[in-house]
Amino acid sequence: MVVAAAILPELATQLVVPVAAAVGIAFAVLQWVLVSKVKVAPEPRGEGGSAAGGGAGAGAKDGASEYLIEEEEGLNDHNVVLKCAEIQTAISEGATSFLFTEYKYAGGFMTVFAVLIFVFLGSIEGFSTKSQPCHYSVGKTCKPALANAAFSTIAFVLGAVTSLVSGFLGMKIATYANARTTLEARKGVGKAFIVAFRSGAVMGFLLAASGLFVLYVAINLFGLYYGDDWEGLFEAITGYGLGGSSMALFGRVGGGIYTKAADVGADLVGKVERNIPEDDPRNPAVIADNVGDNVGDIAGMGSDLFGSYAESSCAALVVASISSFGINREFTPMMYPLLISSVGIIACLITTLFATDFFEVKEVDQIEPALKKQLIISTAVMTVGIALVSWLGLPYTFTIFNFGAQKTVHSWQLFLCVAVGLWAGLVIGFITEYYTSNAYSPVQDVADSCRTGAATNVIFGLALGYKSVIIPIFAIAFSIFLSFSLAAMYGVAVAALGMLSTIATGLAIDAYGPISDNAGGIAEMAGMSHRIRERTDALDAAGNTTAAIGKGFAIGSAALVSLALFGAFVSRAGITTVDVLTPNVFIGLLVGAMLPYWFSAMTMKSVGSAALKMVEEVRRQFNTIPGLMEGTAKPDYATCVKISTDASIKEMIPPGALVMLTPLIVGTFFGVETLSGVLAGALVSGVQIAISASNTGGAWDNAKKYIEVKIL
């Protein structure tokens with residue numbers, strides 16, 4: 001069939017993508033510069049003993065009365081600033097040390113797995129260096145198997161390195177901003193909010209822009225060799241997504257074990273047994289606890305969302321390469337997934353200005369609405385952006401590969417696919433907020449259940465998590481049904497990309513949480529006033545909700561991406577239907593549905609074992625260090641950091657091996673039909689567990705905050 005060309009020419013597409021990435025990086029740098037204006041060092045004293053920055057400015061405004069207010073908030077206390085700087089350095093060094101250790105192990109895995117990819121793909125045609133008939137483009141020849149193996153391996157390494165760098169940069173930004181957020185809290189909750197949010201935006205825009213730029217460069221460089229063989233080119237590019245997600249696995253598991261072991265150890269002994277406040281500097285595990293927020297919730301989440309973004313882009317590109325876009329060599333429509341991400345960066349940039357420049361947070365009760373507005377505004381602006389890209393970047397009519405056939409699709413249908421994923425993400429975000437924010441009845445009910453003890457609290461919390469699964473699953477199911485009906489597996493892939501198109505804003509509000517949590521910890525450890533701690537606690541409570549929202553986006557997009565990749569797998573394996581009445585498939589479904597429970601059991605036991613060691617060490621220090629409880633002696637923070645580091649590094653290997661080796665073993669020994677059942681079962685089961693566990697944890701955390709604020 002004859003199809004009309006896209007309005008946007010190829011040259012314009014070649015410019016739009018890198019320019020959008022450059023704008024994203026420039027905006028991230030600008031936010032970092034603005035954050036860096038908050039100095040974590042005492043300024044020289046001016047006349048009258050006031051700090052040159054705070055006191056002099058105050059005198060210019062309102063003389064003595066303003067000066068007294070600043071003294072009350074500790075603006076002129078040089079010791080407080082020095083203490084904040086000291087704590088920030090300890091947290092940063094602990095997080096950096098852990099990530100370097102973790103990345104050594106991840107680098108070893110990356111090397112081994114890269115060799116396996118090369119060997120498996122190269123051996124398909126006996127490491128042939130001769131051109132071969134194309135799998136989908138009948139009558140055409142494609143590049144040799146050895147070349148595909150080499151370029152897939154390079155793409156895998158690129159994705160893995162980008163994922164690790166994304167996580168590391170996120171951690172460095174968060175540890176750079178935590179003390180600055182604490183110091184700004186002396187001037188009011190609004191100032192602290194802006195610093196924490198700008199810092200989150202640095203991470204969000206850096207990750208979104210760098211992920212897009214590296215993928216764009218890889219496509220163009222690989223294209224120099226592949227030429228017109230777009231089938232081979234974009235199949236090789238899928239290694240980029242695999243590299244990103246495999247490193248995300250280690251970041252999430254290792255960082256998660258670290259942070260929860262430290263958290264449990266610090267709270268059980270400090271708060272429960274010794275009755276000292278959370279983040280009290282007398283607690284030996286307090287630095288490890290704050291380090292954990294950065295390596296788990298920042299570095300882990302950054303790698304996680306990058307992996308989902310890379311996989312959704314690659315899944316869409318692979319399907320497009322064997323559709324009319326690839327067959328007819330239409331570059332602009334082929335780059336439709338990258339154009340969506342490019343517009344997403346601009347939409348998120350506009351959205352961020354609403355939080356930092358257009359509207360100012362002045363009161364505690366304005367924090368959560370400000371973050372909620374970020375979700376709404378970014379979704380609304382992005383909807384317009386998707387419509388524009390679909391109009392300019394797609395021909396009106398084209399065909400999409402659909403399990404061996406070509407399905408005729410219109411540009412407006414593809415717009416609906418992306419939009420439904422985008423709005424489903426908003427629904428998941430709002431439902432997550434409802435079930436994890438202490439402003440609503442579910443969390444308040446969990447808090448109220450504590451009146452009768454821990455048992456009823458556990459029952460209410462688990463029930464909340466299970467109930468919170470219902471609407472997100474319906475939202476994901478509707479997205480899959482509509483997008484698949486309109487544009488087959490390509491529709492599902494771009495729906496996932498739609499959900500992640502506002503990744504810069506999503507990461508900004510997600511990273512805001514751990515930064516605020518660290519800010520509260522630093523305020524407590526630095527001995528700042530109760531009033532300032534109240535402000536940081538308010539930021540932290542909103543942060544718990546935003547962290548859960550970020551996890552909701554990651555889970556929802558991962559479900560859509562997994563389905564798109566599953567479709568690509570069954571197509572490539574030549575499976576037309578997955579029949580659950582076939583014994584092999586049904587057995588695979590059962591085993592696959594069990595795998596998330598096995599994986600969860602391994603990680604939970606790892607956390608328990610590490611937490612046990614942490615509790616014993618914290619008890620030992622309280623019992624053996626004279627003057628520790630009185631505050632006259634310093635605890636040994638380094639030993640607790642080492643316990644979390646050693647435990648997480650040691651324990652992250654078995655869960656990672658389970659995930660990576662299962663498909664290889666099942667496919668090799670039991671065939672592709674059984675493997676298709678395993679993959680389907682793991683996908684369906686894993687989504688339910690992930691949503692319920694994430695929301696239960698967020699609800700318990702905010703129920704604790706609710707009790708502290710409203711009852712105690």
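Start at 1 and count along the chain as shown; that gives each residue its number.
Placement of Cβ uses the backbone N, Cα and C atoms for every residue, glycine included.
Please treat TrEMBL annotations as automatic predictions, because they have not gone through curation.
In TrEMBL this protein carries:
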type: TRANSMEM; residues: 15-35; note: transmembrane segment
type: TRANSMEM; residues: 105-124; note: transmembrane segment
type: TRANSMEM; residues: 144-171; note: transmembrane segment
type: TRANSMEM; residues: 192-219; note: transmembrane segment
type: TRANSMEM; residues: 334-355; note: transmembrane segment
type: TRANSMEM; residues: 375-394; note: transmembrane segment
type: TRANSMEM; residues: 414-432; note: transmembrane segment
type: TRANSMEM; residues: 469-497; note: transmembrane segment
type: TRANSMEM; residues: 553-575; note: transmembrane segment
type: TRANSMEM; residues: 581-599; note: transmembrane segment
Same-chain residues at least 6 beyond the ends of the transmembrane segment (192-219) with a Cβ under 8 Å from one of its Cβ atoms are 17-18, 20-25, 27-29, 31-32, 34-35, 38, 155, 158, 162, 165-166, 169-170, 173-174, 176-177, 180-182, 184-185, 233-234, 237, 240, 244, 298, 302, 305-306, 309-310, 313, 317, 338, 341-342, 344-345, 348-349, 352, 355-356, 360-361, 367, 370, 503-512, 515-516, 519, 535-536, 539, 543
Decide whether the stretches the transmembrane segment (553-575) and the transmembrane segment (414-432) have at least 3 CB pairs under 8 angstroms, with pairs required to be 6 or more apart in sequence. yes
With the transmembrane segment (144-171) as the reference, find which of 15-35, 105-124, 375-394, 469-497, 581-599 contributes the most Cβ pairs under 8 Å. 105-124
Could you tell me whether the transmembrane segment (15-35) and the transmembrane segment (334-355) have 3+ CB pairs under 8 A, leaving out pairs under 6 positions apart? yes
Near the transmembrane segment (105-124), which residues from the same chain, at least 6 beyond its ends, have a CB less than 8 A from one of its CBs? 145-146, 148-150, 152-153, 156-157, 160, 164, 239, 242-243, 246-247, 250-251, 649, 652-653, 656, 660
